[in-house]
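Worksheet: one structure, shown below.
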Amino acid sequence: MEEIIKGTNRKIQGNIKVPGDKSISHRSVLLGSIAEGITEVEGFLMGEDCLSTVDCVRKLGIDVTVRPSGQLTIHGKGLLGWKEPLEVLDAGNSGTTLRLILGLLAGQPFHSIIKGDASLSSRPMGRVVKPLSLMGAVSDGRENGNKAPLGIRGGNLHPISYSSPVASAQIKSALLLAGLYAEGTTTVEEPEKSRDHTERMLSSFGAKILSQDKKSSVQGFPELRGQKIIVPGDISSAAFFMVAAAITPGSELILEHVGINPTRKGIIDVLQKMGGKINLENQRIEAGEPVADVVVQYSPLHGVTVAGEEIPRLIDEIPILAVAAGFAEGETIIKDAGELKVKETDRIDAITSQLALLGMDIKPQEDGMIIQGGRPLKGAPVNSFFDHRIAMALAVAGTRAKGETVIQQGECVNISFPDFYQLLRKLTL
Ligand code: S3P
């Protein structure tokens, strides 16, 4: 479906709330399903990716009540309460669903098959399947077990100490979740620290977790108890509106109840480094996660270099960061971000090619991109390549371009932010 975005200069003002955090929503269902007793979730993200996770655990025999308001009740059956599924599990477009469920399936003494859509079927799964096989899980799939659909037979795991070649919370989480089913200590080390929602949530469910710098360990066979989980607003969704306000003169926007976990708030740190005026108010901890109201005011931005440990803390925000860089004075260099190539689409290719169509001076690099900011944008037909974060980044750029920007396959925002266009139009038109 095409989505038409009109260029405007209207100041972005007011108070908004963005939908629940995608990473935390997935984990609430998965951990709730393997805990003893009831888990109540508030603020669950009703996007397609998280609903894929619900669908999978239901096929594994878990009763989940989903209310349209984003309140969930999960009737957990304990670590070994899942049943061998009759049907193929379907992760849809969601890498988190597929990789984290693989970790849990590795611990189950039965056979299951999991598939995904065309995008997910082209993404690498060997990065999870190989270490799980070192723990004793038996699995196979297309391209020598690297691509979905994947079949897995779990059970009888032993703990490992694994040094991951990439900073990826999905790899780390899959192994820690499998570690719940291995007698002893399972440890994962990463080159840079990735998001730590799994560690935080496992600890609140009662698991013994040790997390220090780039290393996390879990003890096998804990007693997990159902919890009440309040999901904060997703900083990755908030980022689109933070940048919209940061690049539109006269704007002042308050984003209420946003998760500001240090392993996720790289976008705020980098926008501040670029000269952005962002304040965190009313900071508090809810269900083990730091939360704040984020106040963004327009101010002129300048180019920066973003690299190294900053990258995993804003990996999903790089498409919208590229938009901010296009409106900043001078050069922005984004490097060490080769992981972007294996997201829902090749995001280096997608964002650089489509922002260039709008007139931005942006060049792809092997592990990132270089942007010369300050060139005016002009609306044009562009493509999301069915990647929700590309669609939303292009839409924000489109509001600041002259004329109309037409986004092909714009409907993919339903993956993580179903009301995105309504909210963008309310603020900009
Ligand atoms: C996620 C981890 C990140 C991120 C994805 C969600 C998670 O992926 O890009 O959107 O919830 O664990 P990687 O672990 O592949 O970096």
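The chain as shown is numbered from 1 upward.
Every residue gets a Cβ built from N, Cα and C, even glycine.
The 3-phosphoshikimate site in TrEMBL is built from Lys22, Ser23, Arg27, Ser168, Gln170, Lys343 plus one of Asp140, Asp316, Asp361, Asp367, namely Asp316. Mean per-residue pLDDT, taken over the domain 'Enolpyruvate transferase' (10-422), amounts to 98. Asp316 (active site, proton acceptor) is 10 Å away from Arg347 (phosphoenolpyruvate binding site) when you measure Cα to Cα. The binding-site residues close to Asp316 (active site, proton acceptor), defined as a CA atom within 10 A of its CA, are Lys343, Arg389 out of Ser23, Gly95, Arg123, Gln170, Lys343, Arg389. In this structure, the CA atom of Arg27 (3-phosphoshikimate binding site) is 21 Å away from the CA atom of Arg123 (phosphoenolpyruvate binding site). Taking a Cβ cut-off of under 6 Å from any atom of ligand 1, the binding-site residues Arg27, Arg123, Ser168, Arg389 reduce to Ser168.
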